[in-house]
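K.L.:
Here's a structure for you.
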Amino acid sequence: MGKKKKRATEKVWCYYCDREFDDEKILVQHQKAKHFKCHVCHKKLSTASGMVIHVLQVHKENVTKVPNAKDGRDSTDIEIYGMQGIPPHVLTAHYGEEEDEPPAKVAKVEIPSAPLGGVVPRPYGMVYPPQQVPGAVPARPMYYPGPPMRHPAPVWQMPPPRPQQWYPQNPALSVPPAAHLGYRPQPLFPVQNMGMTPTPTSAPAIQPSPVTGVTPPGIPTSSPAMPVPQPLFPVVNNSIPSQAPPFSAPLPVGGAQQPSHADALGSADAYPPNNSIPGGTNAHSYASGPNTSGPSIGPPPVIANKAPSNQPNEVYLVWDDEAMSMEERRMSLPKYKVHDETSQMNSINAAIDRRISESRLAGRMAF
């Protein structure tokens, strides 16, 4: 714990005006002359409350503020005499010291982060406690009977399994199995006429050791047949003739016949390209020609006299009515017609006359 600093030079100062003095007696004389002096008879009093009582009893006046004081420190409720009676927070703010001391610093403990590969194995018979904080009492190691030391048996590492294919395969095409060792990945899209040599369809099987005659555990005597991945999207080009696969699969044990070249072509044609658009890629949708017989109520006519552009599925709207614009056509519709007041009054009068005649006719029929 740190010791609290003592004020080397505690100068006295006035609470009302923050003026510093060398002696408290001089401060008291200053307060009597500047802050506790009656403004009527100029009598010097000792405290602010004494000044208030004097002015009230003698001069019949009320004093609510201490004269010649700063804003916020002119209250007459606080009893000040020299340095006595000053609130603690004002003293703290004046001397620039904090009321509470900062907490003691805690020693920072750094835990070394060692990689997993660099951990040294410990003997079976002892368990070491974790690293202790400096200054704490270390715990004693604990002992327990452990299993006898044995040499670990040699473990043959298996090669990582290949990921499964998530795209469907074409059942009509015969895909030869690829060897597990010496596998060469196929491209995403089939590349033709590139002059590439085919990958060997099989690799020599692992032979047993000539000395022991035992195959190492975990490795099969013959590599399993792995399917060759097919392209993600089947691509068929009509300009390039389809070719047979550079290699063929071995005949199965059952003696099934290998599919012919015609079957392979038929199965390849079963997957048409997805970019086929009815009417061609440059097809456009054109409306019928304009109706030049006369103005008609309805949407404006559409004409397509422009040559088709490269962008597909476009509709060109052209207003070809030279006698009437789109606004005039809209104003000719009954929905947008505007009636004048004369026609409206005539229609109202006609409706009233019709009602009167109907009522008279109904009265005659009642008799």
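Keep in mind that glycine also has a Cβ here, set from the backbone N, Cα and C atoms.
The annotation zinc finger is assigned in Swiss-Prot to 7-66 on the grounds of sequence analysis. As annotated by Swiss-Prot, Zn(2+) binding site applies to CYS38, CYS41, HIS54, HIS59, with the evidence given as sequence analysis. Swiss-Prot lists 246-309 with the feature region 'Disordered'. Residues or ranges marked as compositional bias 'Polar residues' in Swiss-Prot: 273-295.
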K.L.:
For CYS38, CYS41, listed as binding-site residues, tell me which one has the smallest number of other Cβ atoms within 10 Å.
P.N.:
CYS41
K.L.:
Would you find the one among the binding-site residues HIS54, HIS59 whose Cβ has the most company, meaning other Cβ atoms within 10 Å?
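P.N.:
Of HIS54, HIS59, the one with the most crowded Cβ is HIS54.
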K.L.:
Other than CYS38, CYS41, HIS54, HIS59 themselves, what residues in this chain have Cβ atoms within 8 Å of the centroid of the Zn(2+) site's Cβ atoms?
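P.N.:
Counting only non-site residues, the set is HIS39, VAL40, LYS43, MET51, VAL55, VAL58.
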K.L.:
Quick one: average pLDDT across the zinc finger (7-66), no decimals.
P.N.:
88
K.L.:
With DSSP assignments reduced to helix, strand and coil, which class does HIS54 (Zn(2+) binding site) get?
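P.N.:
Where HIS54 (Zn(2+) binding site) sits, the three-state DSSP reduction gives helix.
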